[in-house]
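S.K.: Here's a structure for you.
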Amino acid sequence: MAGLDLSLVLMLSVLAGVREVSLTQVNQQGVIAPGDIIIGGLFPIHEAAEAVNFTGLNSFSSFQHPVCNRYYTKGLNQALAMIHAVEMANQSPMLSSLNLTLGYRIYDTCSDVTTALWAVQDLTRPYSYCDSQTNSSQPVQPIMAVIGPSSSEISIAVARELNLLMIPQISYASTATILSDKSRFPAFMRTVPNDEYQTHAMVQLLKDNKWTWVGIIITDGDYGRSAMESFVKHTEREGICVAFKVILPDSLADEQKLNIHINETVDIIEKNTKVNVVVSFAKSSQMKLLYEGLRSRNVPKNKVWVASDNWSTSKNILKDVNLSDIGNILGFTFKSGNVTAFLQYLKDLKFGSEAKMNNSFLEEFLKLPEIGNAANAVQEQIKNTHLDMVFSVQMAVSAIAKAVVELCVERQCKTPSAIQPWELLKQLRNVTFEKEGVMYNFDANGDINLGYDVCLWDDDESEKNDIIAEYYPSNSSFTFTRKNLSNIENVLSKCSDSCQPGEYKKTAEGQHTCCYECLACAENQYSNHTDADTCSKCDTESLWSNANSSKCYPKFYEYFEWNSGFAIALLTLAALGILLLISMSALFFWQRNSLVVKAAGGPLCHLILFSLLGSFISVIFFVGEPSNESCRVRQVIFGLSFTLCVSCILVKSLKILLAFQMNLELKELLRKLYKPYVIVCMCMGLQVTICTLWLTLHRPFIEKVVQPKSILLECNEGSDLMFGLMLGYIVLLALICFTFAYKGRKLPQKYNEAKFITFGMLIYLMAWVIFIPVHVTTSGKYVPAVEVVVILISNYGILSCHFLPKCYIIIFKKEYNTKDAFLKNVFEYARKSSENIRGLSGTDPHSKTDNSVYVISNPSLVPEEKQVSVPEIDNVL
C-alpha cells in the first residue's frame, strides 16, 4: 500500500507538470453535456491500456501515456445508464421546479489506474480541452461529484485524489472493504455493499452445501487481495479450507505473461482433483481464458464456480465454451430494481451521425466489426445490460439529484460556485432518496447495502441468469427461490470423505484441518453426527456405549431376578421346603401324643419347624430388585429364625445328654441347668441384641455398583463385623449342639436322636464354612444366590436329619412307635453299655446290685463317658 501511495504522488507530480497537454493529444475520450451542476463519470469503456512514448510540450520532451484497447461494450452500457439517469432526473419535477439541470463529463478509465488518474486530473482542473475539432480552450464549470469507477483498484487511486478536494465520489461497483474506512476515504461512497458482506455470503453458501475444500482465484491488486483476505478469514472461522490460492496478473496487455499464469492455474486445478468448488474474484477476460484452457484438459466437468460481482454477469465468457465443458457457475450480483425505462431508452437510442458527434464512445462502438449497423448496436447494448450495474448507477444519480435539491431550495444554484463539493458531500451522507417507491440512504460507512442475488448461469447467450436465491446481510441467510438444485447440491468438494456417526476426525500435524482420517470412538464415547471433531463422553454413571457408537445406551439394572433360571430353581426348593414343613407340622400335631414325637422334643418340634419356616421365607428377600428394606429384613429374618432353630436343637441335645447320662453327679448338674424355654430365650435374646445394634449403628443398605454396561444393585451389609457376629453366633450355638450331640452319638439304634443332631449340625457347619470364602470371592448379581444355597442346605439338612426319620417311623414303622418297643430299646442299650463297662473292669457282667444300678468296682479304669446308669424314662419322653 505504501508503494501505491508513492506511485500516486509521482503520478500527481507528472500530471501537475503537463496541464497544458490536451486530451486530444493524449487520446483521451469523453462525453460532455452542459448543466447547472456538473457530475463527473468514470467508466471502463476499454478493458486494457498499454503505455506508448508521447512527445509533450515545455519541459517534458517525452513520457509514457497509456493507449486504450479491447473495447468493453458493458462499460459503454454503464455510461449510457448514467446519461439516461441524468436525463430522467432533469425531467423530474424535483429539479424542474428549481429550474436546475444536471450536466456530466464522462471519461474512459480503460480499466487502468494511470488512465483513470489522467481523467481525474482533467475533471478537477478549471479548463478542459475537449473539443477535438478546434483544440480551443474554454472555461468549464467545476464538477460537484464523480460517479464511478467500477474497479476497486481504480476507485482507491481515484478516491485518494478526490479526497484532497473533498469531491464526493459514488461508485456503482467498487466493493473493496478498505473503501469503507472513512478515516482514509472520507469522500468515497457507493451504492453497493462492501466485499465483507459478499465474502461472508460466499462462505455461508459453501457451509450450507458442506463444501469444505475449495480454491480461490483473484486478480492481483487491492480489490483481489482484500477480497481473498476477507474470504480466507471467514473460511477459517467456519472450518472451510482453501486448497489453493491463485493470483493472476492485473495487466492484460502482456498476453504472453498472462497465458503462462493461465496455464499454471489450469495445472493447479487439474492437480487438485478433490477441489470441485472454485471461488473467483478475477476479471471476466481472465476467466474466459481460463475456461478455454480447461476445456482441453482432463478436468471433471461437474465443478461449481462461485463468481464474485466482478464477473458474475459477464456471459461473454461462454462465447467459445459451454457450461458442459466447465460445470456450473453461481454468480453473486447486486440486488437491482426496475430498469425497464433504461431498456426502452436503448431501443429508442439513435446511433446516427449526431450521436457520434456528442459521444465519442458510441463512434468507436459503431466501428466494431460485430456491430455493423444501428439495429445490431441496439441488440448488442440490450444483451450487455447488467441490471444490477444499471440500477446502481441510477441510484447514484438519484442520490446526487436529491442532495442538490435539498441544498438549492434556499439558494440560487444557477450561479457558479453557489455550492461547494464538500457541502454536497455532507448532504449526501445524510440524504434519503426515493426510487421506484422505495426509500434509500447511505449508512455510516457511506454504503448502501441491499444484499445480493445468487444467479445460476445457463447456456443462453442473453445476459439474464436464473436467480435461485437472495442473500440478506441483516440476518446472514439465504432465501431460495428455486428448489430443484440437484446438480449443485450433489457436488462434493471435500479433502476427505465424511466421518460417519461413531467416528471422529483426526488431522495429521501440518495438514489442513479438512484433510483427516476417520477413527472410531472408544468405548463409552460417541459421536452422533457426521464429521465430528471429537467424540463425546457418555455419563458412565448411567450410560454406556461400544466402540464406534453413535449414541449412548442406558445401563440396565442388574440383580438376582425373579425370572432367572437359578432363582426359579432356588425358589422352587424353598417352596418345597415350606410344603414339607407344613406337612410335617400337621403330622406331628396329629401324632403329638406318640412316643416318637415326645422323644423328638414335643412342643420344641413345632418351634423348630416354625423357625425353619422363617428361614425358608427369608429366601424370598434374596431374590428380585433389592431395596433398603429387603436388605435389612432378609438377614434379620434368617438370623433370628435360624438362631431359634439351633437354640431348640441345643435344648434337645441337653435333654438327650441328661436322659442318657450315667454319671450321677453330672446328671444332677444337668437337671438343674435344664430350663428349655429359658435357654431358648437367652439364646434368642443375645441374637436380638446383635441384630438391633446392627440395624441401629450400621444398617444394611442398597448399593449401586457401576459396571461397564450395567448397574449392579446389591445389598451392602453395612458392617461386615456385625454380619460376621450374627453368623458367628449361630455357628457357636451349632458347635455346642454338635459337641453335646457327639457325646450321645452311641444311643439306642432305633432312637439315636444325638446322631441325627450331629449330622444336621455337621451339614450346617460345613455349608457355612464353604460359604465364607465363596461369599468373599464372588461378585455380581449371583452373590445373594450363594447365601440362599447355604440357607437351603442348612434347612434341608435339619429337615432330613431331625424330622424325616421321625416321619418314617410314624408312617411306615408304627411298631416302633410304642412304649414297650421304646423301653426295650433303651434297656437293651443300657445293658450293653454296662456289660462293656464290666468287661473293662473285670466284674461279672451278670452280678447286680440291690438298687438295680450297675456298679463298677474300679471306675478309674473306665473313662468318665463310659460310666452310665439306666436312663430315666421321663427324661427321654
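Counting starts with 1 at the first residue shown.
The backbone N, Cα and C atoms fix where each Cβ goes, and this holds for glycine too.
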S.K.: State, for Ala520 and Cys807, whether Swiss-Prot gives them the same topological domain name and hence the same side of the membrane.
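M.R.: Domain labels do not match for Ala520 and Cys807 in Swiss-Prot.
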S.K.: For the candidates Asn90, Asn548, I need the one that Swiss-Prot annotates as N-linked glycosylation site.
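M.R.: Among Asn90, Asn548, the residue Swiss-Prot annotates as N-linked glycosylation site is Asn548.
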S.K.: At a threshold of under 8 Å on Cβ distances, which of 604-624, 636-656, 783-803 pairs most often with the transmembrane segment (756-776)?
M.R.: 783-803
S.K.: Please tell me whether the transmembrane segment (721-741) and the transmembrane segment (636-656) touch - that is, whether there are at least 3 C-beta pairs under 8 Å between them, with each pair 6 or more apart in sequence.
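M.R.: With 3 or more qualifying Cβ pairs, these stretches touch.
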S.K.: Mind looking up the mean pLDDT for the topological domain 'Extracellular' (777-782) in the predicted model?
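M.R.: So the average pLDDT across the topological domain 'Extracellular' (777-782) works out to 85.
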S.K.: Just to be sure I understand the packing, how many Cβ atoms besides its own are within 10 Å of the Cβ of Asn528 (N-linked glycosylation site)?
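M.R.: That number is 13.
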S.K.: Expressed to the nearest Å, what is the distance separating Asn310 (N-linked glycosylation site) and Asn99 (N-linked glycosylation site) at their Cα atoms?
M.R.: 39
S.K.: Tell me, if you would, which residue among Asn484, Asn548, Asn628 (glycosylation sites) has the fewest other CB atoms within 10 Å in the structure shown?
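M.R.: Counting other Cβ atoms within 10 Å of each of the glycosylation sites Asn484, Asn548, Asn628 gives the minimum at Asn484.
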S.K.: List nothing but the one residue from Asn310, Asn430 whose Cβ has the fewest other Cβ atoms within 10 Å; the candidates are the glycosylation sites.
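M.R.: Asn430, out of the glycosylation sites Asn310, Asn430, has the fewest neighbouring Cβ atoms within 10 Å.
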